[in-house]
Structure formats: structure tokens, C-alpha cells
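Enquirer: Handing you a structure now.
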Amino acid sequence: MRAKTGSDRELSESSALSVAENKSPGTGDKSPFSRPVAGTEPDGSNTQNPEPCAAVGGAVQDMSNIRWFSVCVGLYSTAFLYGLDATISAAVQGPVLASLGSLDLLPWIGAGFMLGSVATISLFGSLYTNLEVKWLYLISILTFEVGSAICGAALNMGAMAVGRVVAGIGGSGIYLGGVNYISMFVSPAKRPVYTALIGTFWGLGAILGPVIGSAFAQSKATWRWAFYINLVIGAIMAPIYIFWFPHYGAHRHEPILPRIKNLDWLGALLNVATFSLFVTSCTLSGFAHQWNSATVITLWVMTGVVVVLFTLQQWTAFLTTKEDRIFPVWCLESRSLVLLFVGTRV
């Protein structure tokens, strides 16, 4: 059976689908960098169809242990920062409100980050399929750091909300990029362990977020360093990201413009609009506006309309192809994948 790690379809899946793929039983190879000899499995048994590790030009074989260790440190540190930023705002909302005011915009400190994350993860899946993984990963890190800088330097609550959305977009690309790196450079037998560690470090960051946020809020550093800390860690890890992270792209030697043109841009737009309207409706309902207000009713109606349009566009592959659709409709045939997808989105 041919390995799926390098296929376009796997790279286009969201984090939930990538985890599901990684659950498949592996073979017992000794190293995540090992490549089975043709005609044999990693354990030495004969087979007609070997399943090699994903690699381009021997990238996996040529990676030294120290380099791979550094790559893992880089991947897990960004996953930690992503989890940290998801919850650190909960501990600094009081000081932020006292400093910036605008109570009506306060919920966007948390909702803005979630909005940026969930609204763009499907788009990042398509981008990682068609573009060079390293550069897209670096752009995601830069976006995350820019969002953190905006939050730390914010002079009003509007700027804080914008910074949180930008950081959420970058965090989404960071998380999905880490899963893709593991899928491409780790053998099937070792992949579940490495993927689980990404979730572990994200969870560790999410747990420590309120603790670290409270420490900054109650110190002379002030709440601003709850966001500036991301810049410090990012600067320390930058040499690893820039010089040691390997290049990979299933279509890296093809012209970039046709690849960008073939993306499901209408589906991406409708997907972003769906989650943007949904998060906005949930955030404003019962807080900034009453549930029976014209604003809230209009938002929920618009959300329903866009959901229907997105469903029809994906079902009919309107202005795209079935292979390039931003949502992997074929996964709806699997109950396990559907449950994993819903579980990671909720």
C-alpha cells in the first residue's frame, strides 16, 4: 500500500483529520527517519508494496539526530505558545479593561483569538497542500508574533481585538503546520507519538496560560508582557526556524501562480464568513445586544444563510473541483473522522 503521508489529500486535512490519519497502526521501524528497503517492511518482513517514510530528495535520511531534535523543539515550542495565548487573556482581562476601557469590546480579547483560529484553519489546510511548507510555517509564526506585538502595544480595546484576531490566524497556521511537518518527516509507526506531543504541549500552554498571565498582571512588568513574552521566545527560537527547518512541498517545483489560482477561493471565503458570523453572533448575543434585538437576529439569519451557501458550494464543487474543495467532503463517509472534526472545532 502506498504511503499517504505525501499525498495531497492528507496535507489538506484539518488538524482533527490529520490526527485521525495518524491513529492508523504503524510498523515497528526503529527510527522515525528510517526508510524501508524496497520489498521489505521496516521489521524485515517481505511485502510487495513497501510503505516508505515521506521524503523529498532524501530529506528524512539526511537529517541528523541533533537537527531533528531541534526541529521538534521548534515545533513543540510554537504549539506551547499557541496554547498559552489561547488562555492567557483570561487572567489579564481586568488589568486590560482598567487600562484601555471599552467594556463592550472586552469579550473580543478571548473571542478574537478563537475567531482567527477557527475561521482560517481550513484555508491553511489548502495552502499547506499547494505551497512550500517551511515558508508558510514561517509566515504563520510571523503573523502570530505580529498579533502578539499589537496586543502588547495596544492603546485601546479596538487595537487589542485586532491583535487577538491576527494572533489567532497565525496560531492556526502554526498548529496545522506542525501536524503537517510530523506527517511528512516521521514514519507511520512513530507518527502518533510525535503528533500527540504537539497536543500535549498545546495543553500544557493552555493550562499555564492563566498562571503566567496572573504573574505578569500582578508584577511591575504589567499585563503587556503577557503578550510580549511570545516575541521573546520567538526571537530565541528564530535561528532554528530559519536555518534548520527542512523545506518540503509536494508541488514545490511547479509554478506557484497556477497552484494559487487552483485554490478554492470561494469556498475559503464562505468558510471564513461562516465562522466569523457564528463567533460574532455568539459574542454579541446577550452581552452587547439583547437576544431579541434586530442586530442579533440579523447576525444569526446571515449565519444560517452563509452556512447553506457554503454547504451547497462544497457539495456541488461550484467554481472549484472536487479535488480542490476546501472542505474534505469525502471524510463525511467516516463516522470517526466526523466526530474528531466536530470535537476539535467545538
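All residue numbers here begin at 1 and follow the chain in the order shown.
Every residue gets a Cβ built from N, Cα and C, even glycine.
Below are the features I grabbed from TrEMBL:
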- 1-12: compositional bias 'Basic and acidic residues' (COMPBIAS)
- 71-346: domain 'Major facilitator superfamily (MFS) profile' (DOMAIN)
- 1-53: region 'Disordered' (REGION)
- 68-93: transmembrane segment (TRANSMEM)
- 105-128: transmembrane segment (TRANSMEM)
- 135-155: transmembrane segment (TRANSMEM)
- 161-182: transmembrane segment (TRANSMEM)
- 194-213: transmembrane segment (TRANSMEM)
- 225-244: transmembrane segment (TRANSMEM)
- 265-288: transmembrane segment (TRANSMEM)
- 294-312: transmembrane segment (TRANSMEM)
Enquirer: Could you tell me the mean pLDDT over the domain 'Major facilitator superfamily (MFS) profile' (71-346), as a whole number?
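Expert: A mean pLDDT of 91 is what the model gives the domain 'Major facilitator superfamily (MFS) profile' (71-346).
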Enquirer: Could you give the residue numbers and ranges of same-chain residues that sit at least 6 residues beyond the transmembrane segment (265-288) on either side and whose C-beta is under 8 angstroms from one of its C-beta atoms?
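Expert: Same-chain contacts beyond the flanks: 104, 107-108, 111, 114-115, 118-120, 122-123, 126, 295-296, 299-300, 302-303, 306-307, 309-310, 313-314, 318-320, 325-327.
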Enquirer: Mind checking which residues of the chain, 6+ beyond the ends of the transmembrane segment (135-155), have their Cβ under 8 Å from one of its Cβ atoms?
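Expert: For the transmembrane segment (135-155), the nonlocal Cβ contacts are 78, 81-82, 85, 100, 116, 124, 127-128, 162-174, 177-178, 181, 224-228, 230-231, 234, 241-242, 245.
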Enquirer: Considering only Cβ pairs under 8 Å, which range in 105-128, 194-213, 225-244, 294-312 makes the most contacts with the transmembrane segment (161-182)?
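Expert: Stretch with the highest Cβ contact count: 105-128.
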Enquirer: Hey, which bits of the same chain come close to the transmembrane segment (105-128), Cβ under 8 Å, at least six residues off its ends?
Expert: 11-15, 85-86, 89-90, 92-93, 96-97, 136, 140, 147, 157-158, 160-173, 175-177, 180, 263-264, 268, 271-272, 274-276, 279-280, 282-283, 287-288, 324, 326-327, 345
Enquirer: Counting only residues 6+ away from its ends, which parts of the chain sit with a Cβ under 8 Å from the transmembrane segment (225-244)?
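Expert: Same-chain contacts beyond the ends: 67, 70-71, 73-74, 77-78, 81, 84-85, 88-89, 91-92, 137-138, 141, 144-145, 148-149, 151-152, 163, 167, 212-213, 216-217, 219.
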